[in-house]
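Features of the protein shown, as given by Swiss-Prot:
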{"type": "COILED", "residues": "21-46", "note": "coiled coil"}
{"type": "COILED", "residues": "82-110", "note": "coiled coil"}
{"type": "COILED", "residues": "559-619", "note": "coiled coil"}
{"type": "COMPBIAS", "residues": "57-69", "note": "compositional bias 'Acidic residues'"}
{"type": "COMPBIAS", "residues": "602-617", "note": "compositional bias 'Basic residues'"}
{"type": "COMPBIAS", "residues": "626-639", "note": "compositional bias 'Acidic residues'"}
{"type": "MOD_RES", "residues": "Ser10", "note": "phosphoserine"}
{"type": "MOD_RES", "residues": "Ser16", "note": "phosphoserine"}
{"type": "MOD_RES", "residues": "Ser215", "note": "phosphoserine"}
{"type": "MOD_RES", "residues": "Ser650", "note": "phosphoserine"}
{"type": "MOD_RES", "residues": "Thr657", "note": "phosphothreonine"}
{"type": "MOD_RES", "residues": "Ser769", "note": "phosphoserine"}
{"type": "MOD_RES", "residues": "Ser795", "note": "phosphoserine"}
{"type": "MOD_RES", "residues": "Ser852", "note": "phosphoserine"}
{"type": "MOD_RES", "residues": "Arg906", "note": "omega-N-methylarginine"}
{"type": "REGION", "residues": "1-36", "note": "region 'Disordered'"}
{"type": "REGION", "residues": "50-90", "note": "region 'Disordered'"}
{"type": "REGION", "residues": "537-953", "note": "region 'Necessary and sufficient for U6 snRNA binding'"}
{"type": "REGION", "residues": "590-694", "note": "region 'Disordered'"}
{"type": "REGION", "residues": "878-898", "note": "region 'Disordered'"}
{"type": "REGION", "residues": "920-948", "note": "region 'Disordered'"}
{"type": "REPEAT", "residues": "126-158", "note": "repeat 'HAT 1'"}
{"type": "REPEAT", "residues": "164-195", "note": "repeat 'HAT 2'"}
{"type": "REPEAT", "residues": "201-237", "note": "repeat 'HAT 3'"}
{"type": "REPEAT", "residues": "242-275", "note": "repeat 'HAT 4'"}
{"type": "REPEAT", "residues": "324-356", "note": "repeat 'HAT 5'"}
{"type": "REPEAT", "residues": "359-391", "note": "repeat 'HAT 6'"}
{"type": "REPEAT", "residues": "394-430", "note": "repeat 'HAT 7'"}
{"type": "REPEAT", "residues": "487-520", "note": "repeat 'HAT 8'"}
Amino acid sequence: MATAAETSASEPEAESKAGPKADGEEDEVKAARTRRKVLSRAVAAATYKTMGPAWDQQEEGVSESDGDEYAMASSAESSPGEYEWEYDEEEEKNQLEIERLEEQLSINVYDYNCHVDLIRLLRLEGELTKVRMARQKMSEIFPLTEELWLEWLHDEISMAQDGLDREHVYDLFEKAVKDYICPNIWLEYGQYSVGGIGQKGGLEKVRSVFERALSSVGLHMTKGLALWEAYREFESAIVEAARLEKVHSLFRRQLAIPLYDMEATFAEYEEWSEDPIPESVIQNYNKALQQLEKYKPYEEALLQAEAPRLAEYQAYIDFEMKIGDPARIQLIFERALVENCLVPDLWIRYSQYLDRQLKVKDLVLSVHNRAIRNCPWTVALWSRYLLAMERHGVDHQVISVTFEKALNAGFIQATDYVEIWQAYLDYLRRRVDFKQDSSKELEELRAAFTRALEYLKQEVEERFNESGDPSCVIMQNWARIEARLCNNMQKARELWDSIMTRGNAKYANMWLEYYNLERAHGDTQHCRKALHRAVQCTSDYPEHVCEVLLTMERTEGSLEDWDIAVQKTETRLARVNEQRMKAAEKEAALVQQEEEKAEQRKRARAEKKALKKKKKIRGPEKRGADEDDEKEWGDDEEEQPSKRRRVENSIPAAGETQNVEVAAGPAGKCAAVDVEPPSKQKEKAASLKRDMPKVLHDSSKDSITVFVSNLPYSMQEPDTKLRPLFEACGEVVQIRPIFSNRGDFRGYCYVEFKEEKSALQALEMDRKSVEGRPMFVSPCVDKSKNPDFKVFRYSTSLEKHKLFISGLPFSCTKEELEEICKAHGTVKDLRLVTNRAGKPKGLAYVEYENESQASQAVMKMDGMTIKENIIKVAISNPPQRKVPEKPETRKAPGGPMLLPQTYGARGKGRTQLSLLPRALQRPSAAAPQAENGPAAAPAVAAPAATEAPKMSNADFAKLFLRK
């Protein structure tokens, strides 16, 4: 904030010495100076009223008429104005929208956007009472941003009339400064408190506000300066001998802190002070300048980056943590949270630092409370809050209420509810004095366990189709408490019986856990009984359970017990081995069946190939049948340019063309088609081949080249059509479309740019629709050198802010779905999943602004009907793809090394063509007989499809008789 009026002329010179500022920072500085001038007049007027005419206003550069300018400025800034509508229809429309928003909030009170829209409309309509209530309701649920608080404060200041209203505004300021660290709100608070200096205790109130503001944001490198100067401005306006020392003290405190514009502050102090500046102050000032140089790189990184600047703040936090100043660490965390309030990990790190280092009750609990208000969907924040309240001795009733709020927070996973219940049950267990046989706390703990099991079964299973606790961890903990702390093994056994009936009886580790509990707190009889049941039920590791049973009987059992145990284990293991053998035989049969099918397919392909070869020999004039027609995957309706229409008419003479009619569809309409004679077609194909020279791939240009695929095969002149698209990314050197031997476009090409940044920008055009198909754009990579290189632009892990929607009608458009999703939050991105032909698959991914909106959307949209289709909505969490195992070679008996058949990450592909040499696929056969002599080894009989059967003398005789 600016200095006194007489030093305002030196501001430009001081500003030139300041550190670098971004454009936004310069605007803030200008705004701060404007507020400082208003503050000067407000301070002068208030001091005049307090001290009377004895104070010389002209000496301080303030006129008497400026006394009420602060109130006028505040009113002009914040007054919403009187909106006059030209049409009553618009006002009625706003009223209907207000009613709709109120109804929506009655259904879902956690809809942040609805609160904001309702406040905006009520303020627009001038409903001051209703807008105040709406703001209060929102502030109880969510922390408000600096803009929302300033708007609310300005409205309340403009309506304040007397001292009672001023106290109400003070209370509002106190709430505002608790949500986030806001230098502008503290500045407004100080300015407003100056206006009440004439009231009883007004002077002490102003100083208290400014001192608290300095404690909160006085260390702020870029915005703390305004508060220091505002405080000095206030003290300088009160001309008393005792106050001069106060101004000296403020100057010395400020100069000892590394802040921007320190040189200007030092120059101002030299000009203001009549005495020489003490040496200790100069030393502290020089030390602060040195510290400023260390902080400048981090501050400059923040100024140059764009919000939310999480990475820059993380680096700044790490730097402050190394230095270890608690005040500065707290400040940088608060600054980071202003822009990253929806990042749970940042809240967790901040609260963890406070829990372990500062341990100040009010500060710790305040941060935990703000954390759950900002990220209510994060169960870790709620669990940490319960622990912090217990750690600082908060009343049990308050902790219970907080836990009930956590259950209504809307967690996005079933396991989150298990975690919060476990945290609360741990707290209740620590309250119980188990030395007493019965107590109120113990009964409350047992009731909580019972309620937890019912809640997971009814509420959680109904919502997520799973309890979130398949291993029954809560019941296991309850059983341990009953057995170890309450000496109630009967209850523990009942709980374990219930655990086993929930699908856990087949797991050896569950039985061994129960056995260990019986071993520690039960008796041998129940241990033996548990192991006998385990032997009969376990299916994953029966050998281990059998070994434990035999070990127990060996050390504690009688001969009869030993015989029974041996008999049961042998019977069980024999049955298990029999089942395993049957399963292995079944699997081997399936493998053999697959191999037989593969052999049949192979034989059929060989027969087909031999037949084509025979036809080719018989009719050399016909077109080669072994040329494959390239068919687009998933696009059965698109006609390929390589296909020829059969024409029943005779072939015209050479050099002529004939106009024939070809049936165009079931309607019976015919279309005239010009058919060229074969000679011209051959000439045209030959010319196409001559016009398309082969270009060797230059791997040195891979960085400036992109590979474009999935283009329509029917695309005419790909270069002409694709060049305008890619020239938007930068200068295109050439486009190399790939054609077949017949001159047909094969659906992919290479685009070479002049600069590498253009190629990187072109990758953003991936999935862009071209002639109705999604165009794939990927980096140009030599697959022979990088066989594992894959490009997938979307995340394959859990994304809590993104939804996966299935069951959509194929006719649903992106705009229609976006309109539905917008009702539940801000949609950042929406993607309809299509196949290669561009046709929808009934799936979509919707990305929301934060996890809270996504969680609410799941609850509201799951099971919704869209165009008679019931959709399913869930948090995006794609299943893990199977990673192919590393191939290993195996050697066939008496043959060469064999390579096992391997598949990609998605399993078998559509094209089951083996690209391995035949010599590696089966035992090598002897080479066929050479042209000039016999082979080195006897030939192995080839399949019947590829070699004619051997004929006897009788067969040859029959052939001669036929003639």
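Positions of Cβ are set from backbone N, Cα and C atoms, glycine also.
Small disclaimer: the values here were computed from a predicted structure and weren't measured.
As a summary of secondary structure, the repeat 'HAT 3' (201-237) carries 30 helix, 0 strand, 7 coil according to DSSP. The repeat 'HAT 1' (126-158) makes no contact with the repeat 'HAT 4' (242-275), as judged by fewer than three Cβ pairs under 8 Å among residues 6 or more apart in sequence.
Neighbour density around each Cβ, counted as other Cβ atoms within 10 Å, peaks among the modified residues Ser215, Ser769, Ser852 at Ser852. In the repeat 'HAT 5' (324-356), the DSSP tally of helix, strand and coil residues is 27 helix, 0 strand, 6 coil. DSSP assigns Ser769 (phosphoserine) to a strand in the three-state reduction. Contact between the repeat 'HAT 5' (324-356) and the repeat 'HAT 2' (164-195) holds: at least three of their C-beta pairs are under 8 Å, each pair 6 or more apart in sequence.
Residue counts for the repeat 'HAT 1' (126-158) under DSSP, helix first, then strand, then coil, are 27 helix, 0 strand, 6 coil. The two recorded residues, Ser215 (phosphoserine) and Ser769 (phosphoserine), have Cα atoms 57 Å apart.
On a Cα basis, Ser852 (phosphoserine) lies 32 Å away from Ser769 (phosphoserine). Averaged across the repeat 'HAT 1' (126-158), pLDDT for the predicted model comes to 87.
Each residue of the repeat 'HAT 4' (242-275) gets a DSSP state, and the totals for helix, strand and coil are 25 helix, 0 strand, 9 coil.
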